[in-house]
2 protein chains.
Amino acid sequence: MTVTGIIAEFNPFHNGHKYLLDHAEGIKIVAMSGNFVQRGEPAIVDKWIRAQMALENGADLVVELPFFTAVQSADYFASGAVDVLSRLGIDSLTFGTEEVLDYQTIADVYSEKSEEMEAFVESLPSDLSYPQKTQKMWEKFAGVDFTGNTPNHILGLAYAKACAGKGITLNPIQRQGAGYHSLDKEVSFASATSLRLHKEDSDFVDKFMPNSKLFQTSPQVSWDNYFQLLVYQILTNPDLTSVFQVNEEIASRLKAAVREISSVEELVDKVATKRYTKARVRRILTYILVGAVDNSLPKSIHVLGFSQKGQFHLKSVKKSVDIVARIGRKPWDMLTQQADNVYQLGNPELCEQNFGRVPIRVK
Amino acid sequence: MTVTGIIAEFNPFHNGHKYLLDHAEGIKIVAMSGNFVQRGEPAIVDKWIRAQMALENGADLVVELPFFTAVQSADYFASGAVDVLSRLGIDSLTFGTEEVLDYQTIADVYSEKSEEMEAFVESLPSDLSYPQKTQKMWEKFAGVDFTGNTPNHILGLAYAKACAGKGITLNPIQRQGAGYHSLDKEVSFASATSLRLHKEDSDFVDKFMPNSKLFQTSPQVSWDNYFQLLVYQILTNPDLTSVFQVNEEIASRLKAAVREISSVEELVDKVATKRYTKARVRRILTYILVGAVDNSLPKSIHVLGFSQKGQFHLKSVKKSVDIVARIGRKPWDMLTQQADNVYQLGNPELCEQNFGRVPIRVK
């Protein structure tokens, strides 16, 4: 049977995600971010709730991306996630994109010319951001056109790169309805951004989420819930440069700005530059919040839940992969667990996120 | 004219403090803790409010003890405070005590035998707490009897020690009414502890505080307002032993306990031992909260306010002492100011505590 991988955040899980799962084939394995997501913010509901939503809507197995994979720029995010999925034996990767290109050919181009392409990226002027450099690379070597704000498309290219030479079939699915960040309420599919924005609008949430009730009754958080902690960390940390990706320049800009702002977005606005994109600054603030230092990735894979089919598959790969189903005294991944401890401080109703938790089972 | 020093916290300022000021002579200089106090907690109202209360009730000059003097065990607290006051030219020290002894003679004993006495303290078994050791020292060398819980008396002895050989006259005043920590509401003088406890009881506060209105309309805080920050710091600090007085043992006990408690007092209870008294643990938690590392004391003295008489006196000592009346870009004391930044996070209504603030003036 085909084993399909899906890389996701489900922040929160909506009808577009269900559509994607419906169009994936065989055993559907999801590698999902934990409690912090790629754009550098806390997930609106915790990883267990989001895993449950996915399992109730077609996923067979949901595993957790370690913090240090989940909160990274597109390339590291994609390669970390593809690595986890390929260890779990996927033979194809399904993903949503704004532009269905021939990603397979693109992956082949990268497979052949990766050294030349990376050297080209290195050679570009340093006032370009990394995403800008990558776009130029794809334009030059694969003739890809970039129009507008198409983050899933950019992730798709990162997946193509990460899968290059690994024998994984790329299966892009055209995104339905609203664009990734669309705030439009008059559409047939709503984006996750728009669902986070209209989370209090019960009719809207009902219309666009298959598990709206679970979502609405779960403890929710946003950056606002961590603003005070972030300010406190920036004020008291004697050496912010010990945090991943924080250099002297960023550290001193943060220290100078922190007493003059009243929200995380204000801080992002003050610190972002052409080179330090807002997404990158948000990720840096997330590293600061959770105290992330340069870290190795865990060797084992943490399972959040499975269907019966998923459980059978897990058994078949158990010999070659170290699977963690229940985190006890011995940690799975210190950084992810520390991040989860911080996540829990954002809302007193959040449950313990790791110790003693067992995978969610659905039929 | 006599210049009298008073060492105080005024947490909050009550009628007993007014009584003490009334019984002091000449120019009355108060060396007051800033926003964190000796027992290891945030002051209930900020240093400016407390300075104003003192100035409106007889103090001529209020200067701030740096954090690293204010949040210390009795001996360091006393010697740091006496040092500040002696630089400001005091010739006598007035203080409240539960037992009016001949402190002057006691100071003379210490003056003569300090080496022998400190060697004796060193020789005592290490399972005794430092306060216990000090009590044994006074019993043996000065024949002092200790009965019950008499913290002001113990501070009095620390003042005697700190003043020994400095030519400062000790002027103990019998404490009126309730004991230091008394919770009794049916007394003529209420303790600061009891006022903090009954802070919502407007009649009680009116009866025992000369500035009850100012107190009641000022932003107040307690450890509760910093509990989340403290938990967060303990969870995320990669090396708690870098904090002053935190050793491996305390650090690991804190890390183990922090996820099982729901208040600072619970944490204190879990971590305190015979050797680590509760007061010491509270101070350690305060060091952790504000990120205090071993620190030198500032050379200059920060003025919080003065009367006309106090201002004249300040002018007379200005040549020999470095006085800071207004903190600008150049810090007065980094640690105190960092502690104040953290203090401010406890209540959004708290004003900026340092930058640009000028001394309070009363007639």
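Just so you know, glycine gets a Cβ as well, placed from its N, Cα and C.
These numbers come from a predicted model, not from an experiment.
DSSP assigns B:Phe13 (ATP binding site) to coil in the three-state reduction, placing it in neither a helix nor a strand. What Swiss-Prot lists as ATP binding site is B:7-20, B:Gly96, B:Asn152, B:Arg175, and the listing cites sequence analysis.
For B:Phe10 (ATP binding site), the same-chain residues 6+ apart in sequence whose C-beta sits under 8 angstroms from its C-beta are B:His17, B:Val30, B:Met32, B:Arg50, B:Met53, B:Ala54, B:Ala192. For B:Ile7 (ATP binding site), other Cβ atoms within 10 Å of its Cβ number 26.
Least crowded of the binding-site residues (B:Phe13, B:Tyr19), judged by neighbouring Cβ atoms within 10 Å of its own Cβ: B:Tyr19.
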